[in-house]
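Visitor: My questions will all concern the structure given below.
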Amino acid sequence: MNSAVEQQLAELGIEAYLKEHQYKSLLRFLTCGSVDDGKSTLIGRLLHDSKQIYADQLDAVHADSQRVGTTGERPDLALLVDGLQAEREQGITIDVAYRYFSTQKRKFIIADTPGHEQYTRNMATGASTCNVAVILIDARKGVLDQTRRHSYIANLLGIRHFIVAVNKMDLVEYSQSRFEEIKEEYLAFSKKLNNPNLDISILPLSALEGDNVVNPSEALSWYQGEPLLEVLENVDIDADKGNGEFRFPVQYVNRPNLDFRGFAGTVSSGGISVGDEIVALPSGKKSKVARIVTFDGDLTSAQAGQAVTLTLEDEIDISRGDLLVKSQSNLQATDQFKAEIVWMTEKGLEPGRQYDIKIAGKKTVGQIDAIHHQVNINSLEKFDTQELPLNGIGLCDVSLTETVSLDRYQDCADTGGFIFIDRLTNVTVGAGMIQNLSDLSETKPINDNISAFEIELNALIRKHFPHWETQDISKLLG
């Protein structure tokens, strides 16, 4: 059994242990950085030194280390998270691997993301749900292109807490001057991200030797800060959750019998209390919250991150994909917006092609009208392009076939983030973060040579024959 869990069970008993564990705060973090910076080894070290590995897992790692390990006689702790056969054979991470562990203070979900450039899309997927980014830097190599790329994507995805871990300090003889040099280089780069709200901590460690990961290290006696695990335990993410206006995307209409009709979902931002007046969008109908229902009983209020079922005083038409907000909300409804897009498939993004677009619980249809620029992740310079390639990131104009209530991504990730789905293959091909909402009062000039019938026929063809890749004629008018 996991030795840490076994000890707590012996001290508390099963019921007290489960109760204590249930109410611990949850932190989601990812490890990212360039190839061979030691991301998987760091996670393995965290699990090992915090006594979160079961005996049979450790035995399996010892056995596998003799066959495919890279650490000589010692167990290769990276094998705890590199589970795919290709990953073990090549000694790299390909897919996003998730691991779970807890300490006395907090529960953790770790996303171990790949460092290779061709798997950048996997890194973006892992980062999309995280609160903290642990960015690894090889002390021998310093800040690399992929370090900058992952930092840019993490910032783009709204992660506000960066922990920069300068790894492999044992290979530079635990040099303080080398650490300070890398620290200065990274802080200079971080200023280009133009985010004054970024919380950046920088610390030295050696994942292979276990220096400054869970426990302080004598070899790093010149470093006066906390080891990595303590930094993770003390990151304050509660302030981030409670900010913003109330947003509640409806995921499911719960009607177990004729006497109950509730709307299930997770509070995306802000908070709600019994008696608050809400508006259902897009219908605009108002009501008041009658109950906030959970498995453990009713609540008087709910905050961001809580999964609840809301019942209302009035019977109004609400379905999956609708959005509940407070009546005084100034949420904007639009069918056009600008978004930063990360493209995730071999076939490049081309303006004019239609895709299914999923925002929160709602699915609609849209297209890219124009690509303003692509970002050079290494230099953060912007350049013109006609097509967004695999792993490309760019600012684009997006239009939908219907009006949808949206937020900017920085205000609410759930109602400001979306994915592109290929209409033929159902493959997720891209992800977007809304930056600016367009003013619907801006209208395009009408071309009298195009009849209403032709516009309707064009819309019909685009809806039922997407493989023809017909452009939206209404966007070409004028």
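Backbone N, Cα and C atoms are what each Cβ position is placed from, and that goes for glycine too.
So Swiss-Prot lists the following for this protein:
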- 24-240: domain 'tr-type G' (DOMAIN)
- 33-40: region 'G1' (REGION)
- 33-40, 112-116, 167-170: GTP binding site (BINDING)
- 91-95: region 'G2' (REGION)
- 112-115: region 'G3' (REGION)
- 167-170: region 'G4' (REGION)
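How buried are these features, and what lies next to them?
Guide: Restricting the average to the region 'G1' (33-40) gives a pLDDT of 79.
On its own chain, Met169 (GTP binding site) has Ala139, Ser175, Phe179, Pro204, Leu205, Ser206, Asp211, Asn212, Ala219, Leu220 as residues at least 6 apart in sequence with a Cβ closer than 8 Å to its own Cβ.
With a threshold of 8 Å between CB atoms, the same-chain residues lying at least 6 positions outside the region 'G4' (167-170) that come near it are 37-38, 42, 136-140, 179, 204-209, 211-212, 219-220.
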Visitor: Going by DSSP, is Gly33 (GTP binding site) part of a helix, a strand, or coil?
Guide: strand
Visitor: Within 10 angstroms of the C-beta of Thr113 (GTP binding site), what count of other C-beta atoms is obtained when all protein chains are considered?
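Guide: Total other Cβ atoms inside 10 Å, all chains included: 28.
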Visitor: Reduce the DSSP letter at Met169 (GTP binding site) to three states and note it down.
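Guide: Helix, per DSSP.
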Visitor: Please work out the number of neighbouring Cβ atoms within 10 Å of the Cβ of Gly33 (GTP binding site), leaving out its own Cβ.
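Guide: There are 28 such Cβ atoms around Gly33 (GTP binding site).
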Visitor: Within 10 Å of the Cβ of Lys39 (GTP binding site), how many other Cβ atoms are there?
Guide: 30
